[in-house]
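Beneath this line is the structure, given in structure tokens, with notes to follow.
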Amino acid sequence: MTYSVTGSWNNGFQGNIVIRNVGDAWTSWNLTFSFANGQRVSQGWGGRFTQSGTQVTVANESWNGSVANGASVNPGFIGSHSGTNTNPTSFAVNGVACTGSPVTSNPTSAPPTSRPPTSAPPTSQPPTSQPPTSNPPTTGPPGQRVDNPYAGGRGYVNPEWKAKVEGVSGGSRISSNPTAVWIDRIAAIEGTAGSQSNGPMGVEDHLLEAVRQGASYIQFVIYNLPGRDCSALASNGELGPTEIDRYKTAYIDPISVYQNDARFRSVRIINIVEIDSLPNLITNVSGRPSAKPMCDTMKANGNYQAGIAYALQKLGAIPNVYNYIDAGHHGWLGWDDNFRPTAQLIADTVRLSGSVNNVHGFISNTANYGALVEPYITVNDTTRPSKWIDWNRYNDETSFVQAFRQEMVTQGMPSNIGMLIDTSRNGWGGAARPTGPVTTGTLDEQINGSKVDRRLHKGNWCNQSGAGIGERPRANPGPSGIDAYVWIKPPGESDGSSRLIDNPDGKGFDRMCDPTYTGNVLNGNNLSGALPDAPISGAFFPAQVTQLMQNAYPAL
């Protein structure tokens, strides 16, 4: 049993308790201890707190009563004192005296600016992992930005995703990897217990859990622009094209309150800002074969730029926040008429936020499947005419992000800007992975036989058959200019439903998620390549995560 004071101010303090079961499994637990100097508990979480005189009793919640041998629970509280805040020294659980000592350090910090979480707890016990075994980075104190927020520590493991993955055979092989938390509608800020795609934990809950885990960073996806994704069916948002004021006041502002809370200054908060937005204003407007009326609307009203600029400005003002803007992927922006115009639009939007320092970098391949490298294909004048490359200047994510980073520097971004690549589903391993180049047959036969990305077309984006887990999340993976490989799309979360499914989340049905769909101009009129029987976007898809693990590269 450990007791520590994690923050103190004037006559207030925040207490943290870790109870580790060293005996037989508990089906319920009841902790008692006494204060020596009249301290009072004003509010608590992770347990039901009551106090009579100096004695405090903490009973388990309905969701964390079962504790196996070797497992832990972690209640916490806000307290007050009028004199010396002496730590209690005697604790008992279920009437049995605890071993262990209180931690006597009492760091000073500002009081919390908001209450502990009030949303429903996770449906499974949060993970009981210990703090990192490596030392935290020394390149800056909490609240001061560092060059690479991923370096030197361990990322936050979402207990909701972890519990789902561990319910699938073999899931424990990947469940301890950090993944991003998607805030894809206003209700997700506080948590949505009845949702198929979001969990009961809200932003504050995740931040509190990150502190409890000792995580050095946590990742959020900011994803709720007006007219989101040009009203694409599977990923359409809740806000209409003109609801920019609601986006600011009901979405970004509440997120900023939680992210700016002094309780979370020790955690680097990484925001992935509005995927599938600005590139749409270049590639899917009038004059393009892929034009969508809503993309024309959003280009005309400027609300994508206004919303992103506001998010960058508001969140970028928080000292421990790092914003990374979506940069599409090589199979979307790798052509000359897409590449530089998108970079220019992004740079203009960043400047609209008031400072280029509101952005720490850019991310490619978010929730997509593009290969990290294509080891057996060289992009040149001989291979570019193939149907697979289709005159694109890039054929993998590594070469694309390095070129895009340099283009953003040319457009006025800082020279130390960093790039991220989402590698959660771009491994393409398994028995079908080629082991060398094919050098006979037509050009298309050679390319198709040599490529590791086994999609039928790079425009296929939904629940792709044959995909696998990619490189595990890690900082400074080697290629120049890349801050980290990351898992922004949690493996096993669906891209969209295979058929129309009624749901309270407002998620629609896109034929690109139907495995029988024969395609359109966006995918060269190929089959969609989607897995069957998929749930709505964001909902957990066990068959998909099973396939991803089978086809992982590097293998699990």
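Any Cβ shown, glycine's included, is placed from N, Cα and C.
Any TrEMBL annotation is an automated prediction that lacks curation.
Database features, via TrEMBL:
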- Asp229: active site (ACT_SITE)
- Asp276: active site, proton donor (ACT_SITE)
- Asp495: active site, proton acceptor (ACT_SITE)
- Trp182, Asp184, His329, Trp332, Asn368, Trp461, Lys489, Glu493: substrate binding site (BINDING)
- 109-140: compositional bias 'Pro residues' (COMPBIAS)
- 101-157: region 'Disordered' (REGION)
Pairwise Cα distance maximum in Å, substrate-binding residues per record: Trp182, Asp184, His329, Trp332, Asn368, Trp461, Lys489, Glu493: 22
DSSP state at the residue listed as 'active site', helix/strand/coil: helix
For Glu493 (substrate binding site): intrachain residues, at least 6 apart, with Cβ closer than 8 Å: Trp161, Ser197, Ser537, Gly538, Ala539, Phe540, Phe541
Greatest C-beta neighbour count within 10 angstroms, which of the binding-site residues His329, Lys489: His329
Long-range Cβ environment of Trp461 (substrate binding site), under 8 Å and at least 6 residues apart: Ala367, Asn368, Tyr369, Asp495, Met512
Cβ neighbours of the residue listed as 'active site, proton acceptor' where a neighbour is any other Cβ within 10 Å: 26
The residue listed as 'active site, proton donor' as reference: those recorded positions from Trp182, Asp184, Asp229, Lys489 with C-alpha within 10 Å of it: Asp229
DSSP three-state assignment for Trp332 (substrate binding site): helix
Alpha-carbon spacing, Trp182 (substrate binding site) to Asp229 (active site), which is rounded to whole Å: 15
Distance, Asp229 (active site) to Lys489 (substrate binding site) (CA atoms, angstrom): 16
